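Undergrad: Pasting in a structure now, in structure tokens, and then I'll have a few things to ask.
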Amino acid sequence: MADLPSFSTKEFYWLASCFCGIITCKLVYDITGFISPFCFKGYGKLSDKEKMEWNNRGFSTFHALIAAWASLYLLLFSDLFDEDSSNDLIVNRSSIISNMFLGFSIGYFLSDLAMVFWHFPALGGLEYVLHHGLSMFSISLSLMSSQGQIYILMVLFSESTTPFVNIRWYLDVAGRKSSTIYIYNGIALFFGWLVLMHIPQILDLSYCRIVNFLHSVLHVGPLTLKIGMRNIGRKHFAYIN
């Protein structure tokens with residue numbers, strides 16, 4: 001009998017973190033549905049589609065907060081990408097923490113994409129599938145090759161604007177579109193995108209320009225498809241409605 005291939009410790013961490021991401025999304029989805037009626041009295045009056053998207057945005061926001069914090073920590077506060085911390089090129093550096101975080105993000109994208117397909121096109125159209133597909137492809141390549149993680153982390157830091165996008169949708173569904181908090185949230189979202197899009201000019205780093213290009217393709221580029229199209233994906237695209 002042929003010997004079965006064995007998984008290395010690194011591969012085990014990849015699979016475990018990906019599975020953890022999927023389970024976390026499921027738990028946050030259920031928790032959001034459980035606590036929402038206590039936080040928003042109008043939750044019970046929402047349609048089944050709105051409740052499903054409401055809960056879905058719950059784990060979207062949770063992942064965005066984790067992604068922003070983890071990316072910021074790995075890029076600025078850890079010594080992973082410090083010039084003097086290793087003889088390896090910066091683009092070839094990785095760690096157990098960064099690998100597990102990327103695996104966790106793949107778990108999130110898989111969970112969200114599964115919901116998009118299951119409820120298609122209620123949660124987003126083909127451009128949303130393209131966004132998640134490209135995201136998982138780039139993260140997977142970086143994870144398996146242990147290269148270019150600094151670029152992926154900088155792109156994932158752009159998830160820091162996602163909570164503002166989701167809050168905008170929550171306020172809209174809750175009938176608070178004319179409220180002050182809706183305006184303040186929109187201003188925060190605008191300046192958040194403004195800062196993210198101008199980081200390359202501020203830092204004047206060549207690799208930041210690459211990240212800016214990737215960010216534009218994955219997050220801004222699909223927005224231009226809104227003109228003349230229907231069933232535009234929510235979340236990163238919803239704020240321009």
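A Cβ is built for glycine as well, from the same backbone N, Cα and C atoms used for every other residue.
So TrEMBL has the following annotated:
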- 49-238: domain 'TLC' (DOMAIN)
- 12-38: transmembrane segment (TRANSMEM)
- 59-76: transmembrane segment (TRANSMEM)
- 96-118: transmembrane segment (TRANSMEM)
- 183-203: transmembrane segment (TRANSMEM)
Undergrad: Limited to the domain 'TLC' (49-238), I'd like the whole-number average of pLDDT.
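TA: Summing pLDDT over the domain 'TLC' (49-238) and dividing by its length gives 82.
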Undergrad: Go through the chain and flag residues at least 6 beyond the ends of the transmembrane segment (12-38) whose CB is under 8 A from any CB in it; none is fine as an answer.
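TA: Contacts of the transmembrane segment (12-38) (Cβ under 8 Å, skipping residues fewer than 6 from its ends): 44, 51, 54-56, 58-59, 62-63, 96, 99-108, 110-112, 143.
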